[in-house]
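The annotation domain 'Phosphoenolpyruvate carboxykinase GTP-utilising N-terminal' is assigned in TrEMBL to 13-234. Per TrEMBL, substrate binding site is recorded for Arg71, Tyr213, Gly214, Gly215, Ser264, Asn386, Ala387, Arg388. Residues or ranges marked as Mn(2+) binding site by TrEMBL: Lys222, His242, Asp289. Feature annotation from TrEMBL assigns domain 'Phosphoenolpyruvate carboxykinase C-terminal P-loop' to 238-608. Annotation comment: TrEMBL describes Ala265, Cys266, Gly267, Lys268, Thr269, Asn270, Arg388, Arg419, Tyr519, Gly520, Glu521, Asn522 as GTP binding site. The active site feature in TrEMBL is assigned to Cys266. Annotation comment: TrEMBL describes 363-382 as region 'Disordered'.
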Amino acid sequence: MKVQDLKHAGLKKWVDEAVALMTPDSVEVCEGGQSEYDRMIDITVKAGLATKLAKKPNSYLFRSDPSDVARVENRTYIASKSESDAGPTNNWVDPAKLKETMTGLYKGSMKGRTMYVIPFSMGPVGSDIAKIGIEITDSPYVVANMHIMTRVGTKVLDVLGSNGFYVPCYHSVGKPLAAGEKDNGKWPCAPMDDKYISHFPDTREIWSYGSGYGGNALLGKKCLALRIASVLARDEGWLAEHMLILKLTNPSGEVKYVTGAFPSACGKTNLAMLIPTLPGWKVETVGDDIAWMKPGADGRLYAINPEAGFFGVAPGTNNDSNFNAMEAAAKNTIFTNCGLTEDGDIWWEQIGHGAPGKTVIDWKGQTKPAPQTDKSPKGEEIAHPNARFTAPAKQCPCIAKEWEDPKGVPISAFLFGGRRPSTIPLVNQAKSWIHGVFMGSITGSEVTAAVISDQVGQVRRDPFAMLPFCGYHMGDYFKHWINIGKKADADGKADKLPKIFFVNWFRKDAEGKFMWPGYGENSRVLAWVFDRCDGKDNCVETPIGNLPKPGTIDAPKGVSDAVMKELCSVDIEGWKKEIADVRKNHYPKFGDRMPKELYDELDAIEKRLGV
Ligand code: SAT
Ligand code: MN
């Protein structure tokens, strides 16, 4: 479709301005559909950027530049008008200055390339909870990924109409081509110091430059669906959260929907696609990363998954850890930075088997001996640790039939969690909404070797798993959560809000061994949560919250009664330390915008613990 055929006057003008600034060789408005997707892939194959996989139907492997392999948090900006609105935990630059710098970079940045204008819907097209974005990009890889991760095309423009609201998103890889120059197999991107992932919350705009990878470039995901959406949600009275959504069915066929927020590397995608070991229970997936929730007329919160695909971490995924993800990525999938086997299949660390043949090509394009097992020495990885698969959600065998319901699904429980080797029990229900907000605000996870080496073993707090994804001041974000509870109270609908739980699959014993087997066995905890939402008599009140009554969570094989008891009891001394750390090191980070209600919770728990 041509730009002059756009019916939305503001949109047409915005695109014209971008064309004048970025001077692409040609411009194309994306219409969506399989043939457009195939054409984008074809362009990348011809440019030497993608390899067709012989072993996976309609699937391709890309290798990015070694400098462009993950989100770049230190180049990510929340450029609100006022610095204090971005808060102390976001990078801030004056929006006018940032636009000046980036306009300089965008000038001529698409020379030699095609500009694609991607109309996309976050959420089912036309849903009341959905939002529209328009991404301008010079990367056919981005177009193909957006086709999988969002709903793209003319159907979105039809909903937008001639004056609808959309979030304008600029993206350029920042590598213009000289006359006759071609990518020639080299992933285009700009040097690190020229990369910018910028958000303008006041004007609801996203400007991204210099990176072609993941959340830096697929702007519907973290940029729109979390950073900008969190601001919209604050202003409009809903929630945009970094949460999975799952459907839980008990043996009597009753259904509840549960969301969960966990910092990275805590198994969010695995939980969303879990295969229960508990007989008669079923888990199905609505979403694995992001939930948008709006209060319905009945006072319940209704959630949609704004995405249409999974952008999952490949290493560690195998038929045992996540059979459903492996199936979802078995065809029509884009793989990035995985290894390539001799017989034309992908390979990664902990895929469950060695690589066939004599050699494999690693994510940097180097030929290496084929690994016999599925492990590689650290630093010698065949797949990059942040290698990804982009797979359509509808291919997931356990996708819930209502995953695209435009009304969303009514949520019964929120789970917060992290990797906590000590202190934090297996599951703990908040005493009240505000106590649950308190739990969310102190969420943290042990730093694993995969992240930052000098912090290994320490707890890094990541409130609501939103620290890198909140588009405004975290103190105000906590206040927004508190206000959702206050409003429900005022409407006499507090009992309709989800119950809040804190879970921990990662407790370790004195020898450093995991005490809880995790994975499918987590269904035992989900079953307890399910019954708790029905008010079943399965808990005991303690100073830290409601813990499982002995015997109400069946121990999995190999877990003794003594271990179950330890997992479900209060470690008073540990909690005193936990709370002291929150008071001294965590809450002060948010300064004077830290809501008083949360300090009151801190006082109350100290009192209950006898501090
Ligand atoms: O690169 S993404 O932001 O899409 C994925 C992630 O880092 O969680
Ligand atoms: Mn995520």
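All positions are counted from 1 along the displayed chain.
In case you wondered, yes, glycine gets a Cβ from its N, Cα and C as well.
TrEMBL entries are annotated by machine, without manual review.
Projection of TrEMBL feature records onto the structure.
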residue : record                 : Cβ contacts under 8 Å, 6 or more apart
Gly214  : substrate binding site : Ala70, Arg71, Lys221, Phe311, Thr336, Asn386, Arg388
Gly215  : substrate binding site : Arg71, Ile197, Lys221, Lys222, Cys223
His242  : Mn(2+) binding site    : Leu226, Ala261, Asp289, Ile290, Phe464, Ala465, Met466, Phe469
Ser264  : substrate binding site : Ala465
Gly267  : GTP binding site       : Trp505, Gly518, Tyr519
Thr269  : GTP binding site       : Leu244, Asp288, Asp289, Phe310, Gly312, Val313, Thr317, Asn322, Ala325
Glu521  : GTP binding site       : Thr277, Pro556
### substrate site span - longest C-alpha distance across Arg71, Tyr213, Gly214, Gly215, Ser264, Asn386, Ala387, Arg388, in Å
17
### Query
What is the maximum Cα to Cα distance, in Å and rounded to a whole number, among the residues Ala265, Cys266, Gly267, Lys268, Thr269, Asn270, Arg388, Arg419, Tyr519, Gly520, Glu521, Asn522 annotated as binding GTP?
26
### Message
Which binding-site residues from the set Ala265, Asp289, Asn386, Ala387, Glu521 have a C-beta atom lying less than 6 Å away from ligand 1?
### Response
none
### Query
Just checking: which of the recorded positions Arg71, Tyr213, Ala265, Cys266, Thr269, Asp289 have a C-beta under 6 Å from ligand 2?
Asp289
### Query
So how many other Cβ atoms are close to Asp289 (Mn(2+) binding site), meaning within 10 Å of its Cβ?
24
### Message
Quick check on the region 'Disordered' (363-382): DSSP residue counts for helix, strand, coil, in that order please.
### Response
0 helix, 3 strand, 17 coil
### Query
Expressed to the nearest Å, what is the distance separating Tyr213 (substrate binding site) and the residue listed as 'active site' at their Cα atoms?
22
### Query
Between Ala387 (substrate binding site) and Ala265 (GTP binding site), what C-alpha distance do you get in Å?
13
### Task
Among the binding-site residues listed here (Arg71, Lys222, Arg388), identify the one with the smallest other-Cβ count within 10 Å.
Arg71
